[in-house]
């Protein structure tokens, strides 16, 4: 069996990756680091042989220092020398001109040799005086005897400074310093479409501000300045009419003139996708209900994937969505009719191979949203007789159902009721109230709510005949004024005692003191 040699990547691609991990092959490492046999020969051979003047491997193609010489001929007599640098004169710092000279009078050869002092006056100098010391000190006077020096006597002439006086003031010739003139330029460009401020104090240099000069006159009736009428710079520009036109032909807030409806072109490829128009509006809100049963835990904005076995024969709720395993998220665009179209791509799985792979065609499902019709306008009518209400002050509300009864407040047929029937019935609301008396720190007294009835003597029905005397004694009909419950309010201990009839019957007897 012949072995196939696989091609390896370029050395410049292998070297950066293998250098980090130190796993580079020897040939790639030597080639990239210039350590091959040829590189070693050039390194060691260049140490003993100098080939610098021949221009080998320089890549310039000039033939070394001497250049190329044609075969069978001689070198040209004209040689290219070095480039001569041209020296330009420098700009003088100051202007060059004739200096200022002091005029000098010509000397008369026949005149006197001694120049009179009036021609050139001499300044008068003050005699030299020694100033007093700043800090005077006390000096003791000593007498010093001067003795002549033995020998021949000699006289020392005394010479002082020559003083010349003149009554005229001194004249000094002062030569003014000459400086070269300076030129200061200022450029200013005005932009009529941009104003920075009313006044501009910009210095030298370019500026977009313009100076405005305001001239005010105090004599009334005079117009200062010039009136320049403005003209249209673009007379060919079309004029706009001031009338307002109501345009309702467009269906969007920012209509585009002459623009075609943008829709995905790949969806309408009939050779690739089957075009299926859906008429059920559930396709927009709940597309899953067209394929399988509803599941509330899903999101319509993502792709819908339906897991089903191809071998199982399951009918879809909608015939067009049979064998659909996936529906993409909705795409909104404009249809040919101008309505909004909602599109989804569906993948069918109606073919299953032996390897278990399910394949099938793809379909383009689209639904055109219908236009919204304008709302119907209903004319509102006034309720009741408006004219009669304005005149008589009554308003009658009538209903067509007949469930209401019309009642006139001015009709005297209404029955009159007595005042006694209108009086409220008195209700005894304080019948079962109990009075609880006690101090703040003591617990309230709980009294039994229901009083146990007690029997009178010879209770029953008795017939009394008038004018006859009864043989037996009858108790008085007037009830006893003794209360059943006696509460002593003045006693701080809040003690009480019950009526003997309220005491439960026991074997043990109670004694009251």
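Numbers run from 1 along the shown chain.
Just so you know, glycine gets a Cβ as well, placed from its N, Cα and C.
Just so it is clear, the model here is predicted, and its values are computed rather than measured.
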Check: Swiss-Prot tags one of 229-269, 270-310, 311-351 as region 'Disordered' - which one?
Finding: 229-269
Check: Among the disulfide-bonded residues 18, 24, which residue has its Cβ surrounded by the fewest other Cβ atoms within 10 Å?
Finding: 18
Check: Reduced to three states, what secondary structure does DSSP give residue 24 (disulfide bond)?
Finding: coil
